[in-house]
Amino acid sequence: MDPTDPIAVLAALIRCPSVTPHEGGALTTLQELVEPLGFSVERPVFTEAGTPDIENFYAACGTGPHLCFAGHTDVVPTGDEADWSAPPFAAEIRDGMLYGRGAVDMKGGIAAFVAAVARRKARGEPGDGRISLLITGDEEGPAINGTIKLLDWVAARGERFDASLVGEPTNPNALGDMIKIGRRGSLSGTVAVKGRQGHVAYPHLADNPLRTIVAVADRLMAEPFDEGTAAFPPTNLEITSIDTGNPATNVIPGRSTLTFNIRFSDAWTPESLKTEVLRRVEAARTGGSYRVGRDAAEIAVEWRGRPSESFLTRSDDLIASLSASVASVTGKSPQLSTTGGTSDARFIKDHCPVVEFGLVGQTMHMADERVPIADLEALTEIYDQFLSRWFASRAAVAA
Ligand SMILES: N[C@@H](CCC[C@H](NC(=O)CCC(=O)O)C(=O)O)C(=O)O
Ligand SMILES: [Zn+2]
Ligand SMILES: [Zn+2]
């Protein structure tokens, strides 16, 4: 396979059914592509009780300023294959589009980066510094045996990165729209309210926990958490479920839960936000207008999963190198944004400055995930130019 051709590389990767947590042949394909380019490859497997073992990938080449490209080869499940117009792991090309699971999220980003590096090697430009690929098979899953552990594994070997580029799909509509220069934080929790089960026709003998859940929902959502900050959109809370587990229409449930997720700006830390959530829940416990004349309800709050902190990258040369490369290829001045979800950049930011730029995300996780061939070519050129600009900026600093 020609490693300078991002379409051939992406097609080979898509043909590997690497649905989390399965490697599916994707890391072997990557190894076979980059070893002939001079990269040394290691594939550590990380484990943790209660989670699937995950194979990861670290490849590095060269000496000098160190740029780490980071991403994932795992993909989300296909869903009903009948909803696809082409088999999801066949890498079919039709009307200038390459179809397949992972086309944009994010095997396409990896293919473009490999092709960019291969083109530089073919041109005889391998010597500007150190380039590594830090690739996990656990981004779409719990993200416990992936990037976070791989970063520590690399650091324990004495390697350090000067900067990192994550190839996640960052563009909302068209290539060149958006670079991610940080990510919001994320905090999830469940509020459980204890009541007393009973007959709906005899409510004085029961205690409906939904009266309190409604007050909790109201308090959690009523006041804005902030108005946004210079670099972040306003903090937002979404209630993702309210449950009682009660199938009957004539029974007052004995217990109810409310689950929420907050995406938050740099005005908050996970700890300060937890304090604010607990304040709002307490206000609802004692002040709900649907419980007049009753004792305050019994409420417990459980934090779910691992919260993510917000972060903002302040490396001017890294952002400038990427912006200039995007502008040069697409003719657009990309927005520098912290919108959207979290990514593994939340782990990388503890090791070095990190920015993110990849394909257009519109079809990610959908049936018929696809990438325009032209975007794949353009992204390869952007990554190639970015490497030149970033290494030049490092050389200028060193001079
Ligand atoms: N499952 C993982 C990480 C979940 C990350 C997810 N990120 C996105 O969907 C990125 C999409 C985008 O920003 O365009 C999220 O924000 O929930 C875990 O929970 O560790
Ligand atoms: Zn992704
Ligand atoms: Zn994804």
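Quick reminder: no glycine exception, Cβ is built from N, Cα and C everywhere.
Listed in sequence order, Met106, Ile135, Thr136, Gly137, Asp138, Glu139, Glu140, Gly146, Thr147, Asp344 are the same-chain residues at least 6 apart in sequence whose CB falls under 8 Å from the CB of His72 (Zn(2+) 1 binding site). TrEMBL lists His72, Asp105, Glu168 with the feature Zn(2+) 1 binding site.
Taking a C-beta cut-off of under 8 angstroms and a sequence separation of 6 or more, Asp74 (active site) has the following same-chain neighbours: Ser18, Val19, Thr20, Pro21, His22, Ala26, Thr136, Gly137, Asp138, Glu139, Glu140, Gly141. Marked as active site by TrEMBL: Asp74.
Residues or ranges marked as Zn(2+) 2 binding site in TrEMBL: Asp105, Glu140, His365. Of all Cβ atoms in the protein chains displayed, 21 besides its own lie within 10 Å of the Cβ of Glu140 (Zn(2+) 2 binding site). The DSSP secondary structure for Glu140 (Zn(2+) 2 binding site) is coil.
Annotation source TrEMBL lists active site, proton acceptor at Glu139.
According to TrEMBL, the domain 'Peptidase M20 dimerisation' annotation covers 181-283.
In this structure, the CA atom of His365 (Zn(2+) 2 binding site) is 8 Å away from the CA atom of Asp105 (Zn(2+) 1 binding site). One way to see the shell of the Zn(2+) 2 site is to take the Cβ centroid of Asp105, Glu140, His365; the remaining same-chain residues with a Cβ within 8 Å of it are Val75, Val76, Gly102, Met106, Met364.
With respect to ligand 2, the recorded positions Asp74, Asp105, Glu168, His365 contribute Asp105, Glu168 as residues with a C-beta closer than 6 angstroms to one of its atoms, given in sequence order. Among the recorded positions His72, Asp74, Glu139, Glu168, no residue has its Cβ under 6 Å from any atom of ligand 3.
Using the Cβ center of His72, Asp105, Glu168 for Zn(2+) 1, the list of other same-chain residues with Cβ within 8 Å runs, in sequence order, Gly71, Met106, Gly109, Glu139, Glu140, Gly167, Pro169, Ser343, Gly358, Met364.
The average pLDDT computed over the domain 'Peptidase M20 dimerisation' (181-283) stands at 97.
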